[in-house]
Amino acid sequence: MKRQSVSEIREIFLNYFKDKAHAVVPSSSLLPAGDPTLLFTTAGMVQFKPLFTGAVELPYTRATSCQKCLRTTDLEVVGKTERHCTFFEMLGNFSFGDYFKEEAIDYALDCSVNHLGFDKEKIWVTVYTDDDEAEKIWITKGIPKERITRLGKKDNFWGPAGDSGACGPCSELYLDRGVEKGGPDCATSGTCRPGCDCDRFLEFWNIVFNQFNQDTEGNLHPLKQTGIDTGSGLERVALLLQGADSVYDTNELRKIISFYEELSGIKYDDVITLSKMPTQKNNTARIAANQKAAFRVVTDHIRSVLFSIGDGIYPDRTGRGYVIRRLIRRATLFGRKLNFKEPFLYKLVDKVVEIYKPRYPELGKNSAAIQKTILAEEELFLKTLELGLEKIETLVAKTKTSGKTIFSGADAFLLYGTYGFPAEMTEEIVAEQGLDFDKKGFQEELEKDRQLSRESWKANKVSLMTGQSVEKTEFLGYSSLSGKGNIIHLFNENKPAGALKEGQAGAIVLNKTPFYPEGGGQVGDTGFLRQGKNVFKVLDTQKENDVILHFGEVLSGEFSIAQELEAEVEAARRERLRFHHSGTHLLNGALRNLLGDHVLQKGSVVSPEYLRFDFSHPSALTSKEIRKIESWVNESIRKNYPVVTKELPIEDAKKIGAVATFGEKYGDRVRVVQMGDASVEFCGGTHVSHTGEIGYFFIKKESSPGAGNRRIEGVCGPAVIETFQNRFAELTESVQNLNLKIKSELDNEGSKILVNSNVPGPDEIREKLEKEGATAVTFFRDLSEEIASQIEESTSAFLKMKKSLESRDFENNASVIEKVFASSMDTGVGKIVSAIFDDKDPNSLKGLSDNLKVREKNLLVILGSKNADNASVVITCSSQLVSKGIHCGDLVRTVCEMLGGKGGGKPDMAQGGGKEKQNLESAISFAIQLAKQTLTGEKV
């Protein structure tokens, strides 16, 4: 066999199918566009699913690709086997109603043998159990019947990717690697063939004969046109062609391992040699086996994490992000076996990017953000890791205390799911403690978890158009807010209806409409559909399969199929939507210009009231950055760029730098919206004709919707005026309420902390914004922040002053002093007084103590307070009692020990506290007894 590099194999494959009239299609994102049933792109056919089912018009009938893929179903064996990876590249060729079984089989064999260099005499194939046709074709191509194996549905019926889509029987190509790769019994039994669990036969090419479409209920329906979907794992092909021991020993992955060798000081080849020694009672071999797995795990996981973050999938608490976080944590844990105690993964980003940048240039643009994100995750987990190690100690102790010798699978899964501990690491740790590991119990818990997260999400939205004859709705709304259209569908209670009557709610479909359906973040239009006295109020507009549905209720009259209606969009609302949608584009442009190309749109809401924009960015924006972004947008508004929309072939749109919305699926032709030099984006929404129409832009809030992402909420045009009017109205009310409280509770003493700010009124705000535009936005932002700061400072001063006055009143309160003395204890040498209060700080207790000592010369004062989260205690005494042996510091330490806290001080004054406030009474009582014993010599 020829020994080719990974990049050479990739190019040979793609060029072969290019010569066979296949369109070479670039890899899609790891985030499946428009497919909620998949967490990640798991196969080459994912981006082609609509083409197989006939849901979209075919741009080509033959295609080939090298697709980035991510699968975590075999995560626990990654690093242990020679072929499993979470991230891999899938080579594939596809036919959409063009060729079928014979050509697909011919291409696979020809490419494998005559171009990639596989030995035909070592190739075995499998076919579906009743696929006689495929078997006959293989035989005619020169594969003898004895090297053809029939397998059942589990092995040779593939698909769909997700819980719906194209699927069918398949045929796979295997390479016979020799009996030495087989299991103990394989060499002598003579029955070893594809399907055996040993490593002798390795599958390297799968041909799926797509004949069915599986719906979300699992039902199979014949496809209108058959198709071919093939998959050939690039890493696995390289393993075979390079004669490597594992995919990790192929040229690209071995290069990544060399980076880890350099960082760790451990040689991978030495580890491999030692790991092959007998492991029984051989600690060196056992350590080496663990280090071999560690090298492979961190090598695999850095690719998965790097490519995922590069595609905008950031670590998070749920969904896709959780998988990425888990991979980082798993790699961090395995890194400890290579002596990595500090963050290390992030250090490899630039080097790994260099390997893959020629094929995936987008990685180079995002490398800084990827590195920053990984570092933050590593630092976060290292804090969690110590907690996890403490937890495992607790669980081991619990197991031993209960008399058990087996560490439970449930406890192991707790460590796996909560702290990211791989089962093998837990097994190793508990073995050192003399415990067996419940593998079966762990697997049962793991399987339960898999069933809950099987890489698919169910969509709950009711599909009104299922089973309906589809006639696309012509959208008139780019140029007009009104127009005529005929009713072609009616729905009532989510079911087709012949008519809608007064008082009924439902949906109306017209053949033409000016109503914009929700899409691209922009909410659907509202308005009215009319015919004479028949009036339908549109409350929302949605789109399904190019059909626009008007949801609402019949206010009067009746509606039936074929009626011609006058459609009228609510103009004022649409205008605000235009302001906010165009503002969103300018905001996106500002973020990419000021923060970097790693910024990807992760979601948006365009409503009449505000805009919300989610984007990938690893850290919170500073106040300075927020102001720069806001100013950049306002400057683009001031320049009054013309807003130009045009339809272009998608490749032409990409050439002019048009920015795609993350996760969206596009056809061959796209609508592009350009705003001068500020923004060029794919977009189907409604916009202003010139940016100057927007007026002004203001950022209300910046926050995080999840790890690795940021969110900006902003307003444009009239909404800016309303925002500042509301904000200053709230500030006015806050100032008035605070000043009133200061005057009423502090009298003249509070005059210095009153808020003296001239808050602008509604008319003043409107006039200044309309006159000065963006300059006024900055002015009102600064003024509102200044007034808010004054309110905060005055509130703090008020509370401090109020507390001081309350403390002074408390310390000098005659009735409090009398009450304390009423419970005094006379020892004959001096008096002891004590009391417990609620919510008093140590200074107040000390002040009261000083006033008590003024009344008595020989006095010991023990005061305590129960506060919200703790208890505090102050003990003071006169100098005469110090000479009698009293030491307040010693007494406080005794009390605080009973409170679970600390304290101390001088002989005549000490203070402290603790969390266990429920013990305050008994602690003070004990201190009194100790003091009495010291003063009288009597034992207590």
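Every residue gets a Cβ built from N, Cα and C, even glycine.
Taken from Swiss-Prot, the feature Zn(2+) binding site covers His581, His585, Cys683, His687. All chains included, 25 other C-beta atoms sit within 10 angstroms of the C-beta of His581 (Zn(2+) binding site).
Cβ proximity to the Zn(2+) site centre (mean Cβ of His581, His585, Cys683, His687, cutoff 8 Å) flags the following additional same-chain residues: Gly520, Ser582, Thr584, Val643, Val673, Glu681, Gly685, Thr686. Contacts of His585 (Zn(2+) binding site) defined by a Cβ separation under 8 A and a same-chain sequence distance of 6+ are given as Val673, Met675, Ala678, Ser679, Glu681, Cys683, His687, in order along the sequence. In three-state terms derived from DSSP, His581 (Zn(2+) binding site) belongs to a helical segment. Take the CB of His687 (Zn(2+) binding site) and look out to 10 A: across all protein chains shown you find 24 other CB atoms.
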